[in-house]
């Protein structure tokens, strides 16, 4: 009974919040509503609602791109991974995010933005046709609602433990605010709140990390205590990852590089519409390409204020994650908030966490309403209505999505580590999609039927591998994370093989219909003239992209010696 | 600017105003808490007056955004769009 465990934990983690802390929280809620009302006046067309009228500057979309991923489940989950797996957690950032973000900006964005699609599934419609379009739209809509539910459930548990709010109060309050500001302002509201949340959560995490480091005796003291207790490999990114060598992550260097670094990461960052939508709302192609590249730089530094606090929490509370202690790994950040932050900064941390939950949920809801309205409703159910009809549909779908998210929240309760649950979902939904995209973008011959069957077989293969082979004990993989990496590789390989096989037996699409969608083609008139100032050296995508990859590689140096 | 249809961004209010305003207000509130810090607060934060430092940092960030907005305002909407 998970509820019982949470009840016990609620006593131990209650934060000593006072009126100042609540004032900070209330100011934030008022600002969020204010943004919704202010943005509402500027939303006139469905393009304004779903893609911010393709008008935002690159620094805003770039910060929103990283903030859409910096939801509270990510913050709590990655701190949990830090406490559980040690320095291996940096792989989720430096090999598991940066290369894929750079690839999105340099290679894939010209196809996405240049083809003027409104969503990732719509690209499939042009490249492969309606069958794969509908399949991926439905899969995405279902996944978004599930993940929004995970966010809500996780938030309810945390607020119950920290503030003593009953779970239903937390769910209703957060869902109401997300519903209000997205229904009012659409994607612009979501993006503005993401940028705001990004600064608030950093303003809380940085002081927490500074105080925490002082408490454990600096980096040297942290290293000393953890090495003494968990061995030298605990603070090494690659130590103990040889094939056949047991380690806490349950994965070896090959499954880390292929499963996490290539398949899972590229699947998430390049085809997850909740992310890509932020880049599609940029004001021109140059800003769209720079969106994930600008995001790569803050993303690289986030382990310093997320994974590092996880390690600090493990030194301060050695019982963290042990059975019987009443503290799970997910409590790493709440423990630090309770033990280190005085009122004031504490209120900021609570606000940042709540804002991060709402932003994570809002990212899913705003991408869900776009895909459902444009790719399912407008494409297959009610075609050819006036624009105002789809704008109002988008608002109703937002409400339905938030309600469905509340309903699915309970599914998350059967997993102990929230991050594992999200990773599992991504391996089922994003990896086959990435496989179909990458083959479709680079192999002109790939046929419409191949797109559909590749997508379907990849998704089924990942599910069979995870639930059929790993959960039933047929495959012996030491941890859930290790199983995720393997499922992702299986999904990619099966999807790819099926695509190649089906292509060889079906008729390719005529070359004229693939212009602007496949590598090596570009359609005339699609290249917009560069804006003044976009040729400045610090705005060149190649420099930003390769700079990010180089810096990420350098980040590994202190953890590899 | 001779675009036929100004993009929605020029109609949207500027996010820099929101960040600048909120962080200036938060900066003042938290700096205040730092000035009035009790010994218990200081002990809890390992002897660092974290409210003071975080508050001043947030105040600087907020004022920085407001200054940026003032020095480089967004392109105003064209007369046709203002109605």
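From the backbone N, Cα and C atoms, a Cβ is placed for every residue, glycine too.
Keep in mind that TrEMBL annotations are predicted by a computer and have not been checked by a curator.
For A:20-39 (among others), the entry in TrEMBL reads transmembrane segment.
As annotated by TrEMBL, transmembrane segment applies to A:59-80 (among others). Remote same-chain residues near the transmembrane segment (A:59-80) are listed as 89, 92, 150-151, 154-155, 158, 190-192, 194-195, 197-198, 201, 205, 274-275, 278-279, 281-282, 287-288, 290-295, 298-299, 302-303, 306-307, 309-310, 313, 328-330, 332-334, 353-354, 356-357, 359-361, 363, 417-419, 422 (criterion: CB distance under 8 Å, separation of at least six residues from the stretch ends).
Here TrEMBL flags A:92-113 (among others) as transmembrane segment. Through the fold, the transmembrane segment (A:92-113) approaches residues 78, 81, 120, 123, 256-257, 260-261, 264-266, 268-270, 276, 279-280, 282, 285, 288-293, 295-296, 299-300, 302-303, 307, 437, 441, 516-517, 519, 541-542, 544-546, 548-549, 552-553, 555-556 of its own chain, all at least 6 residues removed from its boundaries and within a Cβ separation under 8 Å.
Within its own chain, the transmembrane segment (A:134-159) is flanked in space by residues 6, 71-73, 76, 119-121, 124, 165, 167-171, 174-175, 273-274, 334, 353-354, 357, 360-361, 364-365, 367-368, 371-372, 375-376, 379-380, 401-402, 404-413, 418, 421-422, 425, 428-429, 433, 436, 452, 455-456, 459, which lie at least six positions past its ends and keep a Cβ under 8 Å from the stretch. According to TrEMBL, the feature transmembrane segment maps to A:134-159 (among others).
Sequence annotations record features per position, and here TrEMBL assigns transmembrane segment to A:165-184 (among others).
The transmembrane segment annotation in TrEMBL covers A:196-213 (among others).
Positions annotated as transmembrane segment by TrEMBL: A:251-271 (among others).
Feature annotation from TrEMBL assigns transmembrane segment to A:292-316 (among others).
Look at TrEMBL and you will find A:345-372 (among others) tagged as transmembrane segment.
The annotation transmembrane segment is assigned in TrEMBL to A:421-443 (among others).
Residues 124, 127-129, 131-132, 135-136, 139, 424, 427-429, 431-433, 435-436, 439-440, 477, 483-484, 486-488, 490-492, 494-496, 498-500, 502-503, 506 of the same chain lie 6+ residues outside the transmembrane segment (A:450-470) yet bring a C-beta within less than 8 angstroms of a C-beta in it. Annotation comment: TrEMBL describes A:450-470 (among others) as transmembrane segment.
Residues annotated as transmembrane segment in TrEMBL: A:542-559 (among others).
Only residues 6 or more beyond the boundaries of the transmembrane segment (A:345-372), in the same chain, are considered here, and those with a CB under 8 A from a CB of the stretch are 15-17, 20-25, 28, 32, 50-51, 67-68, 70-75, 118-121, 137, 140-141, 144-145, 147-148, 151-152, 154-155, 158-159, 162-163, 174-175, 177-178, 181-182, 186-187, 189-190, 193-194, 196-197, 200-205, 207-208, 273-274, 277, 333, 337, 394, 397-398, 401-402, 405. Between the transmembrane segment (A:165-184) and the stretches A:20-39, A:196-213, A:251-271, A:292-316, the greatest number of Cβ pairs separated by less than 8 Å involves A:20-39.
Within the chain, the transmembrane segment (A:196-213) has long-range Cβ neighbours (under 8 A, six or more residues past its boundaries) at 28, 31-32, 35, 63-64, 66-67, 70, 75, 219, 222, 298, 304-306, 308-309, 312-313, 316, 333, 336-337, 340-341, 345, 348-349, 351-353, 355-356, 358-359.
Outside the transmembrane segment (A:292-316), and at least 6 residues removed from its termini, the chain residues within Cβ reach (under 8 Å) are 58-59, 62-63, 65-66, 69-70, 74-75, 78-83, 86-87, 89-90, 93-94, 97-98, 101-102, 104-106, 109, 198, 202, 205-206, 208-209, 212-213, 215-216, 222, 225-226, 235, 269, 275, 279, 329, 331-333, 335-336, 339, 541, 544-545, 548, 551-552, 555.
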